[in-house]
Each structure stands twice: as structure tokens, then as C-alpha cells.
């Protein structure tokens, strides 16, 4: 039975064929062959009609665009209002506190700010009167009023008396800047050479085997010290990490050196030590009644114990450090066969490097310090500054160079310099890492940097004569004096603060003194790029890093001056605040496994352990939070922010592009830091 014809399809086909009559064209000249050319329908001019939109569609598109703009404007407005409220709250909180005495540097910066504001007012008057394009001259007949005469005399004084000394200071800072840049380039090239040649220290002894299959007498006696002071948040992490070291228990002794003045913290640490003692670990708790000398006094007191003479090496860890279980196996073997080796230093790794912008910027700085500075100096000259933790010392070397001294706030650098002058060598292990924590608040970071930059100047002033009288080679003396101390500890903060925070704003108001654009932009950008190479994941933060380093120059400069001339609180030691953000999951799991292996069913006194844990839990539940933490204002940074922003306005009048943008963004960075909007925010 045949299918009935589909008339609807036939009608549609005929209509489409009539509509596209030009789609199939007969191109053949011969009647015997049929040549068909297939054209695109778009080739038909009649098909290229403009697509129109209805009024309803246009209105909806406009409403959508308006909604997006309104949302963006509301987001920016809310952010700006939030920043203003935060700033207002912190200003009110700062004004309600007891007023502190102004530092010398802050008083100088305030005078400089007043001067810059006055100069900006003068330049604005001259700009609106047209003197900016045709400056008046003294003795000219065109000078008609007193204001114009005063401005003409100011121009003459500025050109003849103020600009030349400013230009000389500018040239000096540029030379120092270039010298320091060359030093940084040489360090980076040395790091590339180490990587290219695969240079790394080689240990003659290997302790990688299982403890049960080797003779314990082959392992040297190691003393492990954990100095701490009121470390409520992190004490248990460092103690646990040290107690699970893969090292024979009879060949290792742990000293917990507690300088806490908080009785609750003392009881917590005692309970933690007792818990590990019951698990079979040889660990002791020491507390000084007279807390003199800060960390150096604590370590010095611990080294005076009679049983220390039975040990050959000492490993030191700060309270927030968590060495891996194989730390001693990866460091102690390098002493075998190297009788002149005093120190094995390892690299720091940070558990909270991505916590906020401040920790990311710190990670860039410290990655360059360890990857480049420490590694290059360790390979080529066998000397670098001891970092105070995550290192192993030969006790004989410590005793020969005089031990721990309390004369500076950088006792680690002090003992390293004295050991170097005695002829001892150092090794740096870049592939052995020790977990630790970065300060997350700007207040803690600023105090840490103040101590790190004032201490070296104290040490340089005290040991300069000792360096000259030492029996080391002239090259080592020159390296210590010119590179280690002067260039990297004194010149760097001096030119960084002077060039970008003082000279650059002044050149906007004294245009006769020139600061080239390559000094402001190109060379600092190149140096920031080199600094960020050891941490390539931080490349998106290269501009914030450059601006933040210039912001920190005021703190480093102030610390350097106070340490060099013994001003202010240069000898004050403040423990860096930790929050206990260490990764504990793997550590706890390892502790449980290690406890089962060490204790067994009969060696653990369950009753005493449970009582100790009960005491620990009770104290943890009733511990006090101490004084409330809060964000604060930083007056020096705020004053410099207004100075730079004022100079940016003057630069805008002169149409100086690179200088204007640098001053603007640098001033905003100082403002953000001064309001404590970087780092941890405490509500």
C-alpha cells in the first residue's frame, strides 16, 4: 500500500526553492553535462538585512548595564566607607590611649611634613598665577607685587643654595643603590651557578638505616634545646616534634628552657614535659628564677649544666619550629670527617605563608634570604649568619668562641661572627626544611624587624676592633666589614629610606635636583624581579612587594640608627607573637604511632599520665586570653603617607608621569600600612 503524498512538505520545498533561486546555478556550456555551483545563502544581497532590536530589548540591555554599574559603584562605596570606619575607629582608639613620647625620627618627619605642605601651598599659588610657566626673576621689571618678589627670591635660593647639596646627596644614594644592586646580582648569579653545577654538601656518614639494625654507639650524643617564653600557643607543637626524632633515645636529651613569667604557661609546659617523660623520652624542664639576657641568657644558663660535657652536638629550635622526624639524621652526619665544621644550618619552611598579604610578602623576602644569600655564602665562603634556630652546633666550637653572650639582641649572629673569626666553618642545607610560623600581624612583624636591624649595628660597633685584630685572612675581614655589615645591614636601609622617602619628595619641590626615572622605576623593578625568583608563585605580588619594602624602610632605618648610636629601645627584646597555625595532623598521627612503639602495655603509668592530661586540659580550659589584641595606628607611616601624597600633587602639576604614579601608589601603601590594614585584622 503506497504512502499518501505529503502536500505540506512539497509546498515548503517549492517555497524554499523559489526563495533561493540563485543557490544552484547552471554553469555548463555543454548540454550533455550539468555543472552546478553551490553558493552560500549569505552571498545573496537580499539576505544581508540588518538585524534590528525592539525597544523592549534595548531597554532591558540598558537596565542590565545600569545594574552592573550600580553594583560596582555600591561595592566600591561600601569598601571605601568600611575603610573610613576602620580608620576612624582606630584613630579614636589610638587617641584614647595614654600618649607616648614621640621618637626623634617621628619629630623629624613631622617637621618635614609641615615643610612639604607649606611648599605645596607656595607652588599652588605660583601655578594659578602663571608663574609656573614664566617664573619671575629678581630685579626684573615684570615683578610688580610683594608676593611675586618673594617667590622670585625663593627660586633663586632654591637653585643656588638648596638644590646643589640635595643633588650631591642624591648622587651618593644612587651610587650606594647601584653598589647594592650589583651585590644582589652577583648573589643571584652565584645561586644559578650552584644549581647549574649541582653543588651541594656531601655527608660522609649515613644514618638512614633502621635504628634496630644499627649499633647505637655509632650515633653521637646530641643535646636538643627548645628556648621559649610565654609560648602558650605553640609550646606543645615544638616539644612533640622534637620528642619524636628518629634518633636513639639514649643518645639524645631534650632541654625545654622555659623563661615564662606566666604561672599558667609554666604549668602547661611542665605537664607537657611530664607526659613525654612517661612515654620514655629523655626530656628535662628548666626554668630560671632570674631572667637576664633574654634568649642568650637562657641558652647560656642551660649550657652550664654538668651533664652537657657528655654531649658532642646541640640542636636549637624556637618554640614555633617543628623539625621533621629525620632532622637529626639529615644534619648530624655532615660533622663526620669535618673537624673544622661548627654549624649546620637548615632552611625554614612556613606553614602560614598564604594566610594573608603580609605573610606572602614575608615569604618572598625570606625565600631569597635562604635560597640565595645563605646558600651562596655557605658554598663559596663557608660563612653566614646563624638564624638562631633550626641548626646544629658543635659544642666544642661554641665553647671555643666564648659561648652565648648577652651583649646584643642578635645573640645568634654574635656567636656566628665570633666562631668565624676563630676559623670555624659553616654548612647550609637548602634541601632540609624545618616548619615554622610567620608573624601575621604588622605589629609583630615590625617589632621583629626592629630587633633584626638594630642588633647587627650593636654587634658591628662591639666587634669591629675584634675583626681587625683577628687572625683570619684580609679577604674574610673585608667580607665581614664591607659586605656582611656595612652593605647589607647599614647601607641598604639608609639609601632605601633616604632615597625614596626623603629625596624623591624633595626633588618635586626642588626640581633643579634631578632623580632619574630609571632609579625610581626600572632598577627597583629589576631588583624586585630578582628577589621574587626563589618564590615564583609569588610573581603576581611583585608590585606590592616593591611598595611594601619601601614602606618597611622607615622601620629598618630607625632600627639601624638606634642600634648604631644606642638610642631608644634598641636593646629591648620582644618575643614575636605566634598564633599556632602549624600543620598538626601528620604530627599527631606520628605521635600516636611513636607512643605505641615506645611505651607498650607495661611501661606507661596510666594513672599518672591521666592525671597529667587532666591537669593539662583543666589549664587549657581556664587559660586567660591576656590583654585584648587590637589593630593600631603607626604615626611615622601615616606622616610619610601624607608627605608622599603631597609630593604626588606637586608632581602632577609638573606632569612628571613616572614620578607621579610612584609617589601616588607609594603614598597609598604607606597609608594602608599606617592604618594597619595589612596583615591580621582584629575585630
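The backbone N, Cα and C atoms fix where each Cβ goes, glycine too.
The domain 'Glycosyltransferase 2-like' feature in TrEMBL is assigned to 314-510.
Annotated transmembrane segment per TrEMBL: 108-128 (among others), in sequence order.
Annotated transmembrane segment per TrEMBL: 169-194 (among others), in sequence order.
What TrEMBL lists as transmembrane segment is 490-509 (among others).
The list of residues near the transmembrane segment (633-652) in space but at least 6 beyond its ends in sequence, with Cβ under 8 angstroms from a Cβ of it, reads 90-91, 94, 102-103, 105-106, 109-110, 112-113, 116-117, 119-120, 123, 442, 446, 501, 504-505, 508-509, 551, 554, 558, 659-660, 663-664, 666-671, 673-676. Marked as transmembrane segment by TrEMBL: 633-652 (among others).
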Surrounding residues of the transmembrane segment (108-128) on its own chain - C-beta under 8 Å, 6+ positions past either end: 102, 135, 147, 151, 154, 502, 505, 509, 636, 639-640, 642-643, 646-647, 649-650, 653
Whole-number mean of pLDDT values that fall within the domain 'Glycosyltransferase 2-like' (314-510): 95
